[in-house]
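Marked as domain 'tRNAHis guanylyltransferase catalytic' by TrEMBL: A:6-137. Residues or ranges marked as Mg(2+) 2 binding site in TrEMBL: A:29, A:76. Residues or ranges marked as GTP binding site by TrEMBL: A:29, A:30, A:31, A:32, A:33, A:34, A:75, A:76. Here TrEMBL flags A:29, A:30, A:76 as Mg(2+) 1 binding site. Per TrEMBL, the feature domain 'Thg1 C-terminal' maps to A:141-270. Taken from TrEMBL, the feature region 'Disordered' covers A:220-256. Per TrEMBL, the feature compositional bias 'Basic and acidic residues' maps to A:220-252.
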């Protein structure tokens with residue numbers, strides 16, 4: 001019995017291959033995490049367990065997909081970055097996005113009990129995530145995307161830290177705290193924290209202030225004096241990369257699998273981070289750290 | 001501290017709204033389930049536990065998203081169908097697809113232990129799924145898609161049943177069984193099963209032969225004598241639907257939530273299935289079954 | 001000398017194949033025709049020469065592309081409709097749209113002198129057109145698109161006829177006429193025309209009131225009593241069409257070339273037009289009129 | 001009379017905005033120019049009149065659209081390049097492509113008589129063009145695209161020059177000439193031309209060997225010793241450009257309109273062309289040449 005009569009329906013599937021030689025950022029976001037954080041009693045303003053669980057799931061995604069060169073997480077969102085030379089799944093958008101979303105979800109659910117041992121999941125209210133792919137044509141713009149997320153992390157964390165301190169330690173109502181914070185700038189919030197509660201925001205946990213940066217660890221390089229040189233490389237490197245053969249790509253993938261995925265809480269806005277870890281922008285594995 | 005300097009990166013996100021008034025099929029597939037079924041020792045040719053787990057996860061997806069009007073599952077794949085009138089997430093493709101993939105994955109992982117109590121998951125080898133959306137402009141073509149999957153189910157199940165019976169009961173090597181089956185048609189396989197092993201394929205489990213059909217249960221209607229009438233409705237119904245107000249849609253959604261999601265193993269190729277359940281193609285909830 | 005070093009750039013071209021079995025409307029619009037109609041002193045509210053030139057160019061497009069089944073023009077816009085079964089240029093969007101835009105422009109420029117013998121073109125101010133493709137999943141919605149354009153034609157023509165009569169025959173300033181017409185409904189405008197100027201709008205030229213409808217002429221059929229029957233056909237016809245072989249399609253194309261393309265000024269909102277000319281929705285050529 | 005009943009059809013138009021900060025190449029090709037060149041008796045291998053007409057039409061496109069920074073033409077094709085900072089028509093693909101195709105066609109038809117005074121157009125066989133947009137993420141890759149076209153021009157012209165010399169001067173049949181040229185490399189063809197016909201290919205018309213390069217003329221700059229510096233600029237320039245206000249863009253557009261569009265026949269593969277005309281890659285107008 002042949003299936004030919006109905007097979008014409010296959011022709012309705014449309015191609016969704018992403019533009020070659022372009023940075024691919026897959027961003028995932030928790031679905032309805034505002035409600036969810038209430039249901040599972042997440043600690044405000046930052047629940048260490050929830051963030052560690054996010055990071056643990058993201059590390060597994062990085063390990064599963066060696067084509068990823070960096071990831072950045074804050075709150076209930078994570079951004080995963082594929083290098084312009086990436087050919088995974090022929091760069092099909094839906095395939096890339098759903099693989100990341102599903103792998104992340106699987107590990108998040110699986111490891112929930114490790115991070116929330118006394119707060120079991122309550123079906124059908126399970127955590128889930130949506131996602132999308134965005135293209136950035138140059139390293140400069142991809143870095144601006146990452147900077148955007150890290151600045152957002154800072155703005156939100158300073159606000160949330162101040163708000164919840166006013167509520168939790170200052171005994172204010174949510175509405176009163178919200179009203180007082182309306183229209184304030186960073187220095188105002190720093191002052192509220194310091195003068196009223198003796199809290200120096202700079203001493204807050206780096207993870208809360210900077211978010212989490214995931215990358216493969218190789219030997220750090222000394223920052224170059226002519227600091228802008230990196231961008232030049234970037235403008236050309238992808239072209240050659242795109243022509244690497246399948247076997248070369250498999251080799252690169254194996255090398256990347258050998259590197260450890262680290263979770264860091266550092267500034268990724270300034271050049272230093274990228275200059276000391278040139279493998280992220282170049283897509284070429286560095287030297288493994290000596291044992 | 002404003003974030004305006006980097007916010008321009010938001011403009012790189014491209015719209016992915018799906019064509020209005022068109023059937024949306026989101027199909028998900030298990031990633032690497034061939035290897036996975038070995039690792040977790042799935043029973044061949046059909047592992048009841050694995051299929052029940054697929055169905056359990058799919059039921060949760062149907063409950064979570066009342067805009068879905070039918071779903072069909074076979075092996076490690078599931079197709080979820082949104083009605084042309086669906087406005088969920090403004091019909092954004094990535095949002096629809098990732099929500100389904102993530103919700104399905106979450107429930108699959110969460111309920112694994114229920115269906116495989118003695119086979120715990122072995123991280124990092126967790127099951128995961130990819131997915132994509134395909135558009136079908138008319139009910140006729142959407143039904144042809146469903147028929148295509150059900151015919152495929154039949155073809156594969158007849159082959160697999162015969163193959164594994166030859167190996168498991170007949171003591172043949174995989175290679176020998178494969179060689180003998182090459183070029184055979186359905187009647188040949190039926191004969192092998194019956195003559196050599198006394199197995200009447202018709203008596204095999206409906207779930208294995210037909211796959212699993214999920215839909216919301218209302219009172220069945222009598223099949224109409226003028227059987228083609230349904231398609232006419234279909235050609236026009238979507239237009240009015242698309243103009244239903246947001247509040248009307250919310251009302252429809254609530255009504256749909258009240259209906260039970262059933263798992264059925266029936267023929268969806270012939271007209272009868274659709275004619276007795278007109279709410280699937282019309283998108284309008286039927287009458288709830290009397291208690 | 002090989003060109004392989006640079007050929008990788010070809011991979012950046014992205015597919016733009018339009019969804020199968022869907023109506024394709026290519027709509028073109030004059031670029032800056034407001035200014036252009038001043039420069040070439042088009043007569044207000046309707047310049048017969050300009051409309052005849054539009055129609056002449058559109059007829060050539062219809063002749064050049066037998067896959068087109070109907071076209072509708074009003075003012076400086078034209079909508080060309082491909083049947084769902086159309087496979088021309090593998091349904092590549094840019095190819096379909098640019099071929100129509102370029103062919104239309106070529107004939108418009110070439111025939112300008114015939115319709116405007118005493119108003120030569122003044123380079124670089126040549127007329128040009130932009131265009132885009134829009135998909136409609138069912139005949140019902142495609143017809144609603146056509147109705148939308150024809151209603152628009154009526155609304156604009158009634159307004160323009162009244163406005164320019166008030167200015168040209170009534171001696172009012174543009175501003176005064178505009179102000180008086182603000183907020184009026186159709187019956188108000190009809191009354192102004194009739195009571196002040198003795199003009200019965202119904203007697204105006206059909207071309208101005210209805211726009212121009214282009215189609216291939218076959219023997220008209222009697223309207224069916226059960227008038228909705230057409231839509232049922234439509235819901236299924238495309239499926240079979242899509243499976244017609246290449247040679248069958250070539251044959252259909254030849255048959256269509258034999259039919260005369262006519263320019264009509266009739267109502268396309270009601271069912272009658274479509275029922276008497278079933279070949280437009282079915283995509284199957286009718287009987288050629290007897291000589 | 002309102003038009004609201006049908007206006008919902010507008011929602012079927014899908015956005016086609018091109019990725020920001022990316023080079024846009026709109027390539028147009030003559031439709032059926034093989035046949036057309038026979039019908040209008042184009043001279044082989046190169047018809048000066050036909051190429052001059054192509055260039056004349058392309059110059060008008062460049063003048064009409066100051067956002068274009070360079071164009072390259074060969075045979076019956078033309079590539080028009082928009083800078084990454086281009087915001088014309090909000091970067092809508094169909095609008096950009098059809099505007100270029102229609103403007104080009106209009107001028108090609110209008111000026112036909114100037115270049116072919118004794119060969120009038122024979123309707124309905126009018127020349128027309130199709131087109132498409134392709135995105136290139138970096139200046140390096142856009143330049144590789146341009147190099148690809150120029151290498152293609154060289155390969156084809158050397159072949160055609162040799163072939164037609166063998167036929168026209170050597171009295172060979174088309175088939176014999178084709179057979180002899182099969183498998184030959186450049187040096188073989190050069191030798192045939194020189195030894196048999198005394199033709200030094202290097203002395204052929206630059207327009208035939210290099211194609212036609214169109215750009216706005218400003219004062220040439222001295223080539224920089226550190227030749228790679230240009231690419232660095234490129235990697236960053238677009239970002240700032242994208243943030244230029246609408247009024248700044250209008251100002252840039254006015255400045256560009258003042259520059260003369262020149263038709264050149266030069267090498268665009270080597271760096272020199274681009275280094276001496278930095279305004280092409282930077283998108284910033286240079287100094288107008290002194291009178």
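Cβ from N, Cα, C; glycine included.
Features recorded in TrEMBL, as mapped to the structure shown.
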{"residue": "A:29", "record": "Mg(2+) 2 binding site", "CB count, 10 Å": "17"}
{"residue": "A:30", "record": "GTP binding site", "CB count, 10 Å": "20"}
{"residue": "A:31", "record": "GTP binding site", "CB count, 10 Å": "20"}
{"residue": "A:32", "record": "GTP binding site", "CB count, 10 Å": "12"}
{"residue": "A:33", "record": "GTP binding site", "CB count, 10 Å": "19"}
{"residue": "A:34", "record": "GTP binding site", "CB count, 10 Å": "9"}
{"residue": "A:75", "record": "GTP binding site", "CB count, 10 Å": "21"}
{"residue": "A:76", "record": "Mg(2+) 2 binding site", "CB count, 10 Å": "20"}
Can you give the largest Cα to Cα distance in Å, as a whole number, for the residues A:29, A:30, A:31, A:32, A:33, A:34, A:75, A:76 that bind GTP in the record? 13
Around the GTP site recorded as A:29, A:30, A:31, A:32, A:33, A:34, A:75, A:76, what other same-chain residues have a C-beta within 8 angstroms of the site's C-beta center? A:36, A:37, A:77, A:129
Is any of the binding-site residues A:29, A:30, A:31, A:76 near chain B, in the sense of a CB under 8 A from one of its CBs, and if so which? A:31
Could you round the CA separation between residue A:33 (GTP binding site) and residue A:76 (Mg(2+) 2 binding site) to a whole angstrom and send it over? 7
DSSP residue counts for the domain 'Thg1 C-terminal' (A:141-270), split into helix, strand and coil: 83 helix, 11 strand, 36 coil
If you measure between the CA atoms of residue A:32 (GTP binding site) and residue A:76 (Mg(2+) 2 binding site) and round to the nearest Å, you get 10
Three states by DSSP: which one describes residue A:29 (Mg(2+) 2 binding site)? strand
Can you tell me the CA-to-CA distance separating residue A:29 (Mg(2+) 2 binding site) and residue A:75 (GTP binding site), as a whole number of Å? 9
Tally of DSSP helical, extended and coil residues in the domain 'tRNAHis guanylyltransferase catalytic' (A:6-137): 57 helix, 33 strand, 42 coil
Could you tell me the C-alpha distance between residue A:31 (GTP binding site) and residue A:76 (Mg(2+) 2 binding site) in angstrom, no decimals? 9
C-alpha spacing of residue A:76 (Mg(2+) 2 binding site) relative to residue A:30 (GTP binding site), in angstrom: 5
Per-residue pLDDT averaged over the domain 'tRNAHis guanylyltransferase catalytic' (A:6-137) comes to what? 98
